[in-house]
Every structure is written in C-alpha cells, then in structure tokens.
Amino acid sequence: MTILFISDLHLCPTRPEITTCFLDFMENEAVHAKELYVLGDLFEFWIGDDDNSSFSSLIKNAFTTLTNQGVHCFFIQGNRDFLLNKRFCKETGITLLADHTVIDVDGKKVLIMHGDTLCIDDVKYQEFRAKVHQPWLQWIFNRIPLFIRQHIVKNVQDKIKEKKQHKTLSIMDVTQSEVERVMHEEGVNLLIHGHTHRPDTHSFTVNDNQMTRIVLGDWYTQGSILTYKDNTFTLLNKSFK
C-alpha cells in the first residue's frame, strides 16, 4: 500500500515548469497510490470554485482522471486556496477534509494539516486568517464578479510579498509549544504538515513520549513528495524535466 502527501505546489499559469512536474506526478506516481493527500496551497491563489479558466480546468481534469482510476484523493485548504470548496471537490471527486484531521495509516493515528495554524508567533497573520475564514465574508466575496476578485487577489498578493520581506524566518515557522499542544489534544505522536517550505523530519520527546513532525517541501524548484510504503515514511524530490 502506498500513500502520498504533497503541499505547497503554488500552481499558477506563470510557472509552467511546476504544472508540468505536477501533471507528470499525477500520471506516473499518484496513479499507483491508494491515497493522495494534498495539504494545502495547491494553487498560488484560488479565487473561487467558479473559476473555469483553461488553467483551472487542466488541474481539475488531472484530479478527475486520478479519482476515476480509483485513487482516493483528499484536500485540506491552505492559506492560498482556502476558497477551494465543495464545488471543486464534487467536480473532481476529491474529499475535502477539516483543517486538522486525524487519519489512520496502518492502524496508526496521524494528524495532518496545512500548518499555518501552528505559526502562532505571527500574530498579524493569525488575525488576518481569522478574518478571511469568516463564512459571511467568504459568502460575500464569492458573489463578487470573477474579474473583480482577480484584481482584489492581485493586490493582496503584492501586500503579502511586501510584508514577508519584513518578517523574520523564526516568526514564519511553527511554534513548538503549539505543535506539542495540538498533538496532545488530538492524541497523536505523528504530525504531517506543509506551509513552512522547510522539508524535514523532527523528533522530540514530550512527557517521555516520542513524537515526530514531518514537514513537506514546496515545489518551487523541484517536486516534493512524502511517501508511505512498507511501514516507512520517506521524503522524496522529483526533478523538473
């Protein structure tokens, strides 16, 4: 049994090399898996499930093809695609999961998430996140004409890039105490997440319990895939062709 985990692809029309790598992954690796988990930021930005552009259709078709072949696909919203919702999932056969979800992997409880909720030292981001996740605000935004939403998102992108330049690397990483709190709350000793773009496996001890946190990588310069096979988790890279 093979299970695959990916995140932080940031797919967009202006980075065709990432899209090509992703489509190759779907056709040659994902097709042989039992399950595929996408832990957020599949897209650079997702402005709504009514986006029927040729680019979004290309990505939708890749998932539809995969799910039609019997691969179970799951998605957790990231900070760039939190508007990806039920319509997209219905069209593609993907199952939308809660922000924090515990799954069963060969009898072992594993907590999966995007990871942005763990970065609690970034207070301004957490305040922004709380605002944009309000259902009433999303309801209003989704009813704004698509071309206006595109303009709004472009302005938000520019502001995010500007603010990031003034943030320290530490404030954009997870807060260890929050990691431990959430893992204890969910009753797990293994956590898998993305968001920070710092692929690694972290081991630590809490109250004599061995804990593990696996961080997925981004797809800016190569693909990053976490595989589970033969009772082992392995972080792999996939080169751009």
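Glycine too: its Cβ is placed from the backbone N, Cα and C atoms.
If you look up Swiss-Prot, you'll see Asp8, His10, Asp41, His197 marked as Mn(2+) 1 binding site. The Cβ of Asp8 (Mn(2+) 1 binding site) lies under 8 Å from the Cβ of Gly40, Asp41, Gly78, Gly194, His195, His197, Leu216, Gly217, Asp218, Trp219, Ser224, each of which sits 6+ residues away along the same chain. Under the DSSP three-state reduction, Asp8 (Mn(2+) 1 binding site) is assigned to coil, being neither helix nor strand.
Under the heading Mn(2+) 2 binding site, Swiss-Prot lists Asp41, Asn79, His114, His195, citing sequence analysis as support. Around Asp41 (Mn(2+) 1 binding site), a 10 Å sphere centred on its CB holds 30 further CB atoms from the protein chains shown.
Secondary structure at Asn79 (Mn(2+) 2 binding site), as computed by DSSP, is coil. All protein chains included, Asn79 (Mn(2+) 2 binding site) registers 21 other Cβ atoms within 10 Å of its own Cβ. Marked as substrate binding site by Swiss-Prot: Asn79, Arg80, Asp122, Lys164, Lys167, His195.
Checked against Asp122 (substrate binding site) by C-alpha proximity, the binding-site residues His10, Asn79, His114 yield Asn79 as the nearest. Recorded residues His114 (Mn(2+) 2 binding site) and Arg80 (substrate binding site) have their alpha carbons 11 Å apart, per Cα-Cα distance. Report note: the Mn(2+) 1 site is defined by Asp8, His10, Asp41, His197, and the residues of the same chain whose CB lies within 8 Å of the CB centroid of those residues, excluding them, are Ser7, Leu9, Gly40, Gly78, Arg80, Gly194, His195, Asp218, Trp219, Tyr220. Proximity of Arg80 (substrate binding site) to non-local residues of its own chain (separation of 6 or more, Cβ distance below 8 Å) is seen for His10, Gly40, Asp41, Phe43, Glu44, Phe45, Trp46, given in sequence order.
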